[in-house]
Amino acid sequence: MTKYIFVTGGVVSGLGKGITSASIGLLMKARGYKTTNIKIDPYINYDAGTMNPYQHGEVFVLDDGGEVDLDLGNYERFLDTELTFDHNITTGKVYSTVIEKERRGEYLGATVQVIPHITDEIKRRIREIAKDYEVVVVEIGGTVGDIESMPFLEAARQMQLEEGRDNVAFVHVTYVPKLKVVGEQKTKPTQHSVKELRSLGIQPDAIVARSEDPLEEAARKKISLFTNVPEEAVISAYDVEDTYEVPLLLEREGLGKYLTKRLKLEDREPDLKDWEKMVAKYKALTETVEIAIVGKYVKLQDSYLSIKEALKHASVSNEVKVKIRWIEAEDVETHGTKLLEGVDGIIIPGGFGARGAEGKIQAIRYARENDIPFLGICFGFQLTVVEFARNVLGMKGAHSTEIDPQTPYPVVDLMPEQRNLDRLGGTMRLGAYPVKIKKGTLAYSLYNKELVYERHRHRWEVNPNYIEALEKAGLVFSGVAGDDERRMEILELPDKRYFIATQFHPEFKSRPMRPAPVFHGLVRAAKEYKQEKNVTH
């Protein structure tokens, strides 16, 4: 019998429900239970693909091409697993299916309503995934009380009734503020949030209380009394230095043990040794390197969450802490490359559109001319080709047709299959594709494989008509698409200390114990470069 753990949130958004859900998943997996995580997003968008990163953070891409919420990235990293597009349930998907069924006449003339038709479709989607697992953690996005999440909470309530109380548990994540004036933790917002949840027919089994400092005993007792939750199930999730500490904190607080007992599962000893080692290693790092990320969404760092995490993974493997210098690409256009002075490495991440493109190109030139360890990703890969064409091959005005359709040298062009599309959503080259790597290259030394699968999200590519000229001038295309060798995937400059760019997004497959090879290589090169600089000064 599959066990379900629903994670809801109250008081305010952005409390870390995603990290809490990922941590619960890890605690169950560490006990030897076959576990997966589902994210419910109550927005009406079908998927996260067309959303502005400023509103929603990065769009995470899965192997099957699903463009999903960044929380699924956390689930994949914490559980070291590969999820599918079906693991992200949105209001848009649910309503689409129900409306399609109604049009096909599957409801036989019934009035189609939120209950039972929408709620039934939600339950069907959850159970469809649950078939292969012993434990399923379902995070319901938004805050209790939001109008959008009502059908999902109702579906969860019904599931407890249908599956039996021993098979469905509810964990409610709330916020316990501390008012400076009185210096005590206030439980009233939590009480009201649980009251709201109860009014929907859901009694939480555990409360994860988010706070700046550990939960005081008086606050714990009060929460327990007013929310009808045993004291042992009021979990103190205070702020920690790093998100990877959260599972260990929740385990120490007894959440894993409590949930196994509550769901009538055998309480096995969790195996978290590797995780503990990784966290201890990261916390012990003293040596640092500074890597610049030159992007167009840097005001919201969640826009580049997977890159931040991949750098963290590479920190552990290289025993050096990465400090990120966030640089707005447009600022490079106005203030020049002095903003990059002193960095040990430079990353140009993915992105779309003209804003900040020239600033990114200046940063690429600065990295190339000053031999600073460099990694370009997706749009960063394409702009590296543009920079090289302009400044090495002398192709004045060379550009991507995405930004300048009239460029005299369209070195980056729309892929042929993208030319006649009239829809934006879900139509890019998305998901895991094979990449063939040439032996004897930097890319090969990083991957040690001739064929790898990496995740993509793009419409434009290096124009095959310019490849010969670019290679003649010294640019090496060390990786090509496994399904079409005219499609370039990796480029490098062999005469530089570390200069590489990829059409794919390596950050999406990076894991805490297995950093993405190009990130590992970048941090290693940055560490060596900093040591060299220190010797010469």
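Each Cβ is built from the backbone N, Cα and C atoms, and glycine gets one as well.
Going by Swiss-Prot, these are the annotated features:
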type	residues	note
ACT_SITE	Cys378	active site, nucleophile
ACT_SITE	His505	active site
ACT_SITE	Glu507	active site
BINDING	Ser13, Lys186, Thr187, Lys188, Pro189, Thr190, Gln191, Lys222	UTP binding site
BINDING	Gly14, Leu15, Gly16, Lys17, Gly18, Ile19, Asp71	ATP binding site
REGION	1-265	region 'Amidoligase domain'
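Ranked by CA distance from Gly14 (ATP binding site), the recorded positions Lys186, Thr190, His505 have Thr190 at the top as the closest.
Each of the recorded positions Lys17, Lys186, Lys188, Lys222, His505 was scored by the number of other CB atoms within 10 A of its CB, and the lowest score belongs to Lys188.
Between the C-alpha atoms of Lys188 (UTP binding site) and Gly16 (ATP binding site), the distance comes to 20 Å. Neighbour counts were taken as the number of other C-beta atoms within 10 angstroms of each residue's C-beta; across the binding-site residues Ser13, Thr190, Gln191, the minimum falls on Ser13. Under 8 Å, Cβ to Cβ, and six or more positions away along its own chain, Glu507 (active site) finds Ser306, Ile307, Glu309, Ala310, Ile377, Ala516, Phe519.
Counting only residues at least six positions away in the same chain, the Cβ atoms of Asn74, Thr243, Val246 sit under 8 Å from the Cβ of Ile19 (ATP binding site). Mapped onto three states, the DSSP output places the residue listed as 'active site, nucleophile' in coil. Calculated from their C-alpha atoms, the gap between Asp71 (ATP binding site) and Gln191 (UTP binding site) amounts to 27 Å. Neighbouring residues of the recorded ATP site, listed in sequence order and excluding Gly14, Leu15, Gly16, Lys17, Gly18, Ile19, Asp71, comprise Gly9, Thr20, Ser21, Val173 (Cβ within 8 Å of the Cβ centroid). When the Cα atoms are compared, Cys378 (active site, nucleophile) and His505 (active site) turn out to be 6 Å apart. All protein chains shown were included, and the count of other CB atoms within 10 Å of the CB of Gly18 (ATP binding site) stands at 25.
For the region 'Amidoligase domain' (1-265), the mean pLDDT of the prediction comes to 93.
Cβ neighbour count for the residue listed as 'active site, nucleophile' (all protein chains, 10 Å cutoff from its Cβ): 23.
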